[in-house]
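Copied over from TrEMBL:
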TRANSMEM  B:12-31  transmembrane segment
TRANSMEM  B:66-83  transmembrane segment
TRANSMEM  B:95-114  transmembrane segment
TRANSMEM  B:121-140  transmembrane segment
TRANSMEM  B:152-172  transmembrane segment
TRANSMEM  B:193-218  transmembrane segment
TRANSMEM  B:238-267  transmembrane segment
TRANSMEM  B:279-304  transmembrane segment
TRANSMEM  B:310-329  transmembrane segment
Amino acid sequence: MGSHVFQAEQVVAGYDRQTVIDGVSLVVPVNRISVMIGANGCGKSTLLKALARLIKPESGSISLDGKPVGKIPPKQLARVLGLLPQSPIVPEGITVADLVGRGRFPHQSWHAGWTSKDAEAVAEAMRIMNIAELADRHIDELSGGQRQRVWIAMALAQQTDILFLDEPTTFLDITYQIEILDLLTDLNRKYGTTIVMVLHDINLSARYADHIFALREGKLMAEGKPSEVITDLLVKDIFGLDCAVIKDPVSGSPLVVPKGRYHAGSASR
Amino acid sequence: MRSSPVPKNFPAVLVIGLVLLGVCVIASLALGSRLVRFHELIDGLFHHQADSYGASVVRKRISRTVFSLFCGAALGVSGSLMQSVTRNPIADPSILGVNTGASLFVVCGIAFLHIGTANQYIGLALAGAAITAVFVYGIGSMGRGGATPFKLVLAGAATSAALSSLVTAIMIPRSSVMDQFRFWQVGSVGSATWSAVAAFVPFLIAGMLIAFMTAPALNAMALGDEVATGQGVRTGTLRLVAALGGVLLCGVTTALAGPIGFVGLLATHVIRLILGPDLRFVIPMSAISGAVILTVSDVCGRLIGSPGELEVGVVTAFIGAPILILLAMRSKMRSL
Ligand SMILES: Nc1ncnc2c1ncn2[C@@H]1O[C@H](COP(=O)(O)OP(=O)(O)OP(=O)(O)O)[C@@H](O)[C@H]1O
Ligand SMILES: [Mg+2]
């Protein structure tokens, strides 16, 4: 179990024409599951990309164990820090086992072939994600939920101590969302993998996160345990939504109940 | 559960590929406007003192055969590299206009600088190929969505048309240049000499080395730039190096044989259909399939055109164009 310290200081990042992330500093909680929440377009994906060095920050520093990530050879960094972006590309005709095997790239050199370690890592990742029996299937033939498990398995095969995921549950129905989040929790509990992800469902975030990063307009507005951070005030502040926060009867975590204009008050009638 | 990621059918495909390659070599030595008998073939190959007419025909065909194998392999691998770099299933030196760019530079060289040696051809063709590649990629990446397959093909076709008309404009008033150039421009392996083969070798080796060494990283890039970066690939550098390999292989082939279209496209496609998308296997097999396709086309050209011959560039265009249309239609439907 690794315990790498990953931190960002005063990071400013964005795209050619606009600055999106406006001075974010954070320390990723080691061996924990962190979830970034915030309204559409507030910069969650951009922050995740900056942390995972997909885009270069305009200023500020991002470091792993005190060393700026830009100074770490990319392949070496990729053995500690894994990433599943929001929309990866599926090469035509690739099989599940092949795709998962591609996660081994950072561990291979061009002269040494496929080792038994690679094979073990791939088998392990497929077992954790419950896709061993799909090994020879083509990706095009899978359901959205199966496909998402394959992508996560590829990221797992990379065997990194830190894993960044951008909306690993989008487009999945509720059953699959829970399944994926349970599997990621397994991973965190068993191997101590540090997970940072973006989720859209605030209630699932509250349930599965050990730590919440709440963003608004490119700034980190609040962070901490869900039970401390997720309040009606914060939801109003971050999402501009009036709501009541109650206790989730199943998990005990905060449960956000939106008010809206039509139905508020009908419970008391 | 598989213990290694070698495609299951790779050994079989490799063996079949090598057998086909052998058949092609024999066909290329034996067939043509003069058919050679078996004993003449053996004489020509192994008995240097044998001086029958057939044996000498065979000897002349050896350099031609070696040359066409090299050209085919280079074009096949060049196609694989360009398809990976542009992430475009129908990229091919001829479709991206890289061939035509090489042609234009060579024609200018013939017309204005009076070049004649293989190395001069190679230098100019490589420069023309590289500049055109950068130009087409630049135009193709303008606007929204970056370098999409559709925009690249459009940019390549437009550039190719413009450069072709320039080539014609330079050639027409210079009838002396015409003769030297006309033959070259169609794409032919018929005039291959051992010195051309020798000039080819260093570029072929360099290009192949680049292809083999970049294959694993190109595999990562096939999943998108973001995944590749996450796996530790420097995508900018990789694109540049792989494109350089592709341009090198296609440019040197164009310099020595003239522009030959569609081989890279066909060679890679056939292999990907059979083996799947893993470039560590697709690239070497594309070398073999490219060599087979080009050599078969050359032999067909000799048989069809007998007693003269039809240049191989004409044959590959005839086979390739309809297949390109098919593939383009299929890939458009996929993206809808
Ligand atoms: N590739 C890009 N080029 C230019 N601007 C971009 C790009 N990607 C995102 N943006 C802009 O940056 C801002 C933040 O986008 P980002 O994707 O980080 O938001 P997000 O919080 O992930 O939103 P969502 O919840 O919808 O995924 C938006 O205004 C968006 O328009
Ligand atoms: Mg996003």
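Glycine residues also receive a Cβ, built from the backbone N, Cα and C atoms like all the rest.
TrEMBL does not curate its annotations; it predicts them automatically.
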Count the CB pairs under 8 A between the transmembrane segment (B:66-83) and each of B:12-31, B:238-267, B:279-304, then give me the winner. B:238-267
Short question: most Cβ pairs under 8 Å with the transmembrane segment (B:279-304), which of B:12-31, B:121-140, B:238-267? B:12-31
Determine which recorded stretch among B:12-31, B:121-140, B:152-172, B:238-267, B:310-329 has the most C-beta pairs below 8 angstroms with the transmembrane segment (B:193-218). B:238-267
For the transmembrane segment (B:238-267), what are the same-chain contacts with Cβ under 8 Å, counting residues 6+ beyond its ends? 67, 70-72, 74-85, 90-95, 98-100, 102-103, 106, 118, 121-122, 124-126, 128-130, 133, 137, 183-189, 192, 196, 199-200, 203-204, 206-208, 210-211, 214, 217-218, 221, 228, 286-287, 289-290, 293-294, 297, 311-313, 316-317, 319-321, 323-324, 327
